[in-house]
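What TrEMBL says about this protein:
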DNA_BIND  B:37-56  DNA-binding region
DOMAIN    B:14-74  domain 'HTH tetR-type'
Protein chains: 2
Amino acid sequence: MSPAPGPRPGGRSARIQQAVHASTRKLLDERDRADITVPMIAADAGITPSTIYRRWGDITEVFADVAIERLRPDTPPRETGSVRGDLVAWAQEYLEEMSSPVGRAALRDVVMSGETNPLQCATFCRTQIETIVGRGEPVASGVQGAVEHVIDHVVAPIIYRILFDLDPLEPDRVEVLVDQALDAAVRV
Amino acid sequence: MSPAPGPRPGGRSARIQQAVHASTRKLLDERDRADITVPMIAADAGITPSTIYRRWGDITEVFADVAIERLRPDTPPRETGSVRGDLVAWAQEYLEEMSSPVGRAALRDVVMSGETNPLQCATFCRTQIETIVGRGEPVASGVQGAVEHVIDHVVAPIIYRILFDLDPLEPDRVEVLVDQALDAAVRV
């Protein structure tokens, strides 16, 4: 995994980011997000509200920034001995995390922010899937083709059902979707 | 199509809803949504802010309510002579509408609201797809199975790519996705 982009570790800018993230997470644990304001986060973090406005713009971007850190994978995808097994394990874990209350809220915060955060979130997924597909034998559609198949047919239905409050996919169904996506990638 | 749920047409409640929707749409055309407040909408609609707070709760719900009206289909899906043709026509039109600036903003507003709006938006899609699939010969998976296939493999990738700022699907690709979904529904 490449290092997280962001301010120089240990610098003033990084310390402010850490403090704002910690205060925001703490406030999110304590109360409704609709009741949280920039001045409340600033007071908790021991900085001025204008520091937050200058750096993040508004509270939506603060929430999205915290959400992105929650969504950032901290380990490479688990190895099970086969691409199929790795993808099933990854997708089932992803389904579980994203459909938890914290995962749902993080997804919504990311989608709400109009900046680069939604693409960053999609890129986290893509990178994990690329790693897995890259471990296997070459397929007819190439690594990129297979990755697109998995995004459209495994990731998209997982996320669509969470965001639109439909019944979440069953873990067994995730296995079927992975098989279909791999099958399509080989056939193409 | 079943009639829209909502207040009795012509009553005071319906008039307030119409006025608030019209004022919100007008303000959204004129300025950034981040600059729009409940008091501004109330002033434009000639009502008190507390009327809006009482009925909608907060501005997120007002935006979502307006978005739902924009997303509500106003005609049954076009008939082309085959289920495949109807689905391709519907999905390509849906892709075009949802990826327009107005469509994207409406989708985001719906996802942001934690109430029943996201499910309502998904139900609009589901009803249109049910109408189309119900026009054809019975398939192995039944109408509901076929509808779920279309939701997971056609609607979900269209929406996921829009919300997460990936390259939108090409109209040709939508055709392939419809074929695959129908194929899977027949085989199941």
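Even glycines carry a Cβ here, placed using N, Cα and C.
Since this is a predicted model, take the numbers as computed values, not measurements.
Each residue of the domain 'HTH tetR-type' (B:14-74) gets a DSSP state, and the totals for helix, strand and coil are 49 helix, 0 strand, 12 coil. Looking just at the domain 'HTH tetR-type' (B:14-74), the mean pLDDT is 93.
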